[in-house]
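Q: Quick one: structure below, then a few questions.
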Amino acid sequence: MALRGLIRQSKVRRRREMLPQQVGFVCAVLALVCCASGLFGSLGHKTASAGKHVLLDTWRNRKLMAPINGTPLAKNCTDPAIHEFPTDLFSNKERQHGAVLLHILGALYMFYALAIVCDDFFVPSLEKICEKLHLSEDVAGATFMAAGSSTPELFASVIGVFITHGDVGVGTIVGSAVFNILCIIGVCGLFAGQVVRLTWWAVCRDSVYYTLSVIVLIAFIYDEEIVWWEGLVLIILYVFYILIMKYNMKMQTFFTTKQKSIANGNPVSNELEDGNDLYDGSYDDPSVPLLGQVKEKPPYGKTPVVMVDEILSSSPPKFTFPEAGLRIMITNKFGPRTRLRMASRIIINERQRLINSANGVNSKPLQNGRHENMENGNVPVENPEDPQQGQEQQPPPQPPPPEPESVETVFLSPFSMPEAKGDKAKWVFTWPLIFLLCVTIPNCSKPRWEKFFMVTFITATLWIAVFSYLMVWLVTIIGYTLGIPDVIMGITFLAAGTSVPDCMASLIVARQGLGDMAVSNTIGSNVFDILVGLGIPWGLQTMVINYGSTVKINSRGLVYSVVLLLGSVALTVLGIHLNKWRLDRKLGIYVLVLYAVFLCFSIMIEFNVFTFVNLPMCREDD
């Protein structure tokens with residue numbers, strides 16, 4: 001929890017500084033979608049006309065019914081989801097003449113509001129719940145913390161099932177999944193400023209299970225309707241994923257041992273030298289002895305990035321007394337602030353050790369259990385019988401490492417204006433939102449409100465539901481005004497708006513040297529999006545609210561988009577493997593190109609460019 005708190009507070013502090021970049025990126029995505037829709041819409045009309053013998057000339061002039069000789073025929077278009085929401089203050093003509101800009105600004109404001117609620121209120125309350133339930137790091141990350149980052153997509157899916165009765169929710173889930181895999185990895189690779197070596201186990205574990213989830217989703221939506229047992233299967237699959245995360249360390253140790261055994265041609269023993277049982281990965285459990293003697297492992301490779309998970313979990317070192325004290329102080333027996341400081345201390349110590357190793361200065365164990373060049377300032381004693389040998393072998397003294405960077409806890413406050421001019425403008429722009437949230441939601445990150453974390457959880461959930469409804473409503477109006485189908489708006493604009501904050505946060509984490517954690521978490525969060533983000537709304541509709549009913553999938557092209565999603569996962573993992581499990585600029589450009597190709601093909605499929613897939617959206621003269 002301490003390391004997660006360190007990362008989250010750093011993300012919250014820096015994400016607000018990147019608000020212009022986030023707004024610019026989302027606006028650029030909307031502009032590209034408008035251009036692509038205008039281009040592919042004209043191409044798709046010819047295919048649709050040839051395939052269905054549509055009588056009308058253009059899609060924009062379609063009516064809800066196409067009567068011939070006064071006899072109404074079946075609809076030759078798809079009902080827009082805009083009619084499921086309250087009537088807009090502006091007519092369609094007024095929106096086309098400029099009023100749609102107000103809706104775009106409102107949607108951007110809702111994106112930012114969701115990011116603020118999730119980061120500053122919802123996620124801290126989830127952390128408190130995990131602490132009270134004494135959940136392990138892996139189980140908490142797979143359940144509550146995954147819900148914290150994917151709540152906007154979940155509520156968008158709920159609104160799509162129960163309110164719009166359309167595909168905007170499914171489109172948002174699919175688009176967000178592709179965005180998380182391709183765009184976030186690409187941005188981290190381009191702008192991290194360093195080469196990040198990825199851990200094969202985390203990527204393979206989440207990618208394999210995510211591939212299974214996508215295959216199941218394709219099988220379920222292929223017939224364009226969802227029945228009760230299909231939603232139940234998705235939920236059960238997520239329960240199995242939680243079990244996998246619960247026994248993650250044991251599985252990682254098992255497969256890592258098998259891999260080393262195959263690579264070396266001989267079996268690898270994990271037995272402890274003091275006669276204990278097999279070392280099954282329990283070294284990450286704070287309850288095990290911290291000063292036990294274990295067999296030597298090969299030294300870490302020379303890399304500018306500290307693999308925190310790998311260092312603290314996969315390769316147990318010989319702990320000295322100060323190091324063991326730090327390990328003890330990150331357990332649940334100590335307060336959150338103490339654990340946060342000790343976790344940052346461990347990270348800096350390990351990074352300094354890698355830097356010393358890269359410079360040719362090795363930390364050698366001494367007979368008295370101390371290490372040379374230790375951060376605690378201990379100096380080894382030379383052998384008095386051979387002073388010259390001691391002088392030759394003793395490396396030059398190293399300066400003490402810098403103190404851990406203090407992570408200043410930043411709380412939202414509508415009553416403190418920042419000093420910088422740019423920050424003042426953003427503060428004025430977001431002041432109504434900050435004031436509303438601070439008045440209605442107790443901030444359980446503050447000590448005085450810490451015991452009210454359940455109140456924070458409930459009120460934050462209500463605000464997320466309200467903001468998600470407004471977000472989907474505004475995006476639906478924008479799509480109807482610009483002639484963009486709901487599925488495309490979900491795959492592109494909604495997905496980008498709900499995922500760009502996570503993208504910026506992952507970039508911040510990657511710049512701090514924790515890119516491996518950021519990449520593996522993006523893939524793992526997609527499992528939650530598919531299995532829970534779709535399984536819960538579908539299950540509620542077909543088993544609770546209206547038992548025996550079905551959920552209709554209106555867009556046939558959505559099946560092809562999910563197939564493209566499956567292909568993007570396979571190509572991404574293949575690219576990571578061919579790049580020798582390194583995240584750099586070359587891999588970043590590769591996955592961003594894949595994301596652009598996915599968007600182009602998804603838009604072309606929805607507009608019937610290749611073959612007839614969907615009826616166009618119904619238009620009205622207003």
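Don't overthink the numbers, they just go from 1 along the chain as shown.
Using N, Cα and C of the backbone, Cβ positions are placed for all residues, glycine too.
OK, Swiss-Prot features for this one:
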type: SIGNAL; residues: 1-38; note: signal peptide
type: TOPO_DOM; residues: 39-97; note: topological domain 'Extracellular'
type: CARBOHYD; residues: Asn76; note: N-linked glycosylation site
type: TRANSMEM; residues: 98-118; note: transmembrane segment
type: TOPO_DOM; residues: 119-142; note: topological domain 'Cytoplasmic'
type: REPEAT; residues: 139-179; note: repeat 'Alpha-1'
type: TRANSMEM; residues: 143-163; note: transmembrane segment
type: TOPO_DOM; residues: 164-172; note: topological domain 'Extracellular'
type: TRANSMEM; residues: 173-193; note: transmembrane segment
type: TOPO_DOM; residues: 194-200; note: topological domain 'Cytoplasmic'
type: TRANSMEM; residues: 201-221; note: transmembrane segment
type: TRANSMEM; residues: 225-245; note: transmembrane segment
type: TOPO_DOM; residues: 246-457; note: topological domain 'Cytoplasmic'
type: REGION; residues: 358-408; note: region 'Disordered'
type: COMPBIAS; residues: 394-404; note: compositional bias 'Pro residues'
type: TRANSMEM; residues: 458-478; note: transmembrane segment
type: TRANSMEM; residues: 480-500; note: transmembrane segment
type: REPEAT; residues: 495-526; note: repeat 'Alpha-2'
type: TOPO_DOM; residues: 501-526; note: topological domain 'Cytoplasmic'
type: TRANSMEM; residues: 527-547; note: transmembrane segment
type: TOPO_DOM; residues: 548-557; note: topological domain 'Extracellular'
type: TRANSMEM; residues: 558-578; note: transmembrane segment
type: TOPO_DOM; residues: 579-586; note: topological domain 'Cytoplasmic'
type: TRANSMEM; residues: 587-607; note: transmembrane segment
type: TOPO_DOM; residues: 608-622; note: topological domain 'Extracellular'
Q: Which one of these stretches, 143-163, 201-221, 225-245, 527-547, has the most C-beta pairs shorter than 8 Å to the transmembrane segment (458-478)?
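A: Against the transmembrane segment (458-478), the leading stretch is 143-163.
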Q: Spell out yes or no: are there three or more C-beta pairs under 8 angstroms between the transmembrane segment (587-607) and the transmembrane segment (480-500), with each pair 6 or more apart in sequence?
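A: Since 3 or more Cβ pairs under 8 Å link them, the transmembrane segment (587-607) and the transmembrane segment (480-500) do come into contact.
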Q: Would you mind listing the long-range same-chain contacts of the topological domain 'Cytoplasmic' (579-586), meaning Cβ under 8 Å and 6+ residues beyond its ends?
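A: Distant Cβ neighbours of the topological domain 'Cytoplasmic' (579-586) are 185, 188-190, 192, 195-200, 203, 510, 515-516, 519.
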Q: In the topological domain 'Extracellular' (164-172), how many residues does DSSP put in helix, strand and coil?
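A: Summed over the topological domain 'Extracellular' (164-172), the classes give 6 helix, 0 strand, 3 coil.
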Q: So which of 225-245, 480-500, 527-547 has the most C-beta pairs under 8 Å when paired with the transmembrane segment (98-118)?
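A: Most Cβ pairs under 8 Å with the transmembrane segment (98-118) come from 480-500.
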Q: Average the pLDDT scores across the topological domain 'Cytoplasmic' (246-457) and report the rounded value.
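A: Reported value for the topological domain 'Cytoplasmic' (246-457) is a mean pLDDT of 61.
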